Amino acid sequence: MKFTILTLFPEIIEGFFSSSIMAKAVERGLIDLRLVDVRDFAFDRHRTCDDAPYGGGAGMVLKAEPLAGALDSVDAADKRVVFPTPSGRPFTQEKACELSREGELVFICGRYEGIDQRIIDLYVDDELSIGDYVISSGEVASLVMIDAIYRLVDGVISGESLEEESFTDDLLEYPHYTRPQVFRGLVVPDILLSGHHAEIARWRHQRRIEKTAANRPELLKRSGDEDRTNTY
Ligand code: ADE
């Protein structure tokens, strides 16, 4: 799968792609990265990419022409284009799964107050939000989504790890322990040392229900486990 990323700050993205699991996926040919510096498509003397909003108001807006030039240079009109924005639909695990099946995704990293609406009208397929808060860097929002997506691409990590983690169903993860058996007076639950796989699976499922009830009660309604919070 190929990630094409349009940004004014390519160095933010480069660091992430040279990190361990991602770098391995790139090395193995499972993931490909194409970085496009939007400033290369700003043709005035100062290579200006932002301007004041029509109608007044605070902040600056990313201009249409450099973005359109960058998008045309990668034939974005024929590709799935994602624009991370707090005004978007929620980005979920389900969406990550759907996007992981695309051959190529084009991400537009916004800055300032936003981007010219005509770019959204002309090119963008998915306006997506990573949560109900505002961050200043579209690069960080894109990387959050890319991290969630690339690990679902066939062959990047083992299917077993994917199956067990939170959000493959509607329950959060069970607690994990590793050596030593006692740490600062806290012991690993006996059941995990018992070797009884069925019992361990039952214990873990119950911990998942409890964790979900405590941290995300609204998810229990979706998973059908809301009556099972006190059974182990
Ligand atoms: N850019 C700034 N805030 C964002 C958010 N919450 N989601 C996606 N992109 C963003």
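FYI, residue positions are counted from 1 along the chain as it appears here.
Cβ coordinates are placed from backbone N, Cα and C, and glycine is handled just like the others.
Note that the coordinates shown come from a computational prediction; the quantities given were computed from them, not determined experimentally.
Among the features that TrEMBL reports, S-adenosyl-L-methionine binding site is placed at GLY110, ILE130, GLY131, ASP132, TYR133, VAL134, ILE135. Non-local contacts of TYR133 (S-adenosyl-L-methionine binding site) by the CB criterion (under 8 A, 6+ apart in sequence, same chain) comprise PRO86.
The domain 'tRNA methyltransferase TRMD/TRM10-type' annotation in TrEMBL covers 1-221. If you take every residue in the domain 'tRNA methyltransferase TRMD/TRM10-type' (1-221) and average the pLDDT, you get 95.
The sparsest Cβ neighbourhood within 10 Å, among the listed binding-site residues (ILE130, VAL134), is found at VAL134.
The local packing around ASP132 (S-adenosyl-L-methionine binding site), expressed as other Cβ atoms within 10 Å of its Cβ over all shown chains, amounts to 7.
Here ILE135 (S-adenosyl-L-methionine binding site) comes close to ALA141: these same-chain residues lie at least six apart in sequence, with C-beta atoms under 8 angstroms from its C-beta. The Cβ of GLY131 (S-adenosyl-L-methionine binding site) has 11 neighbouring Cβ atoms from other residues within 10 Å, across all protein chains displayed. Of all residue pairs in the S-adenosyl-L-methionine-binding list (GLY110, ILE130, GLY131, ASP132, TYR133, VAL134, ILE135), the one with the greatest Cα separation is 17 Å apart.
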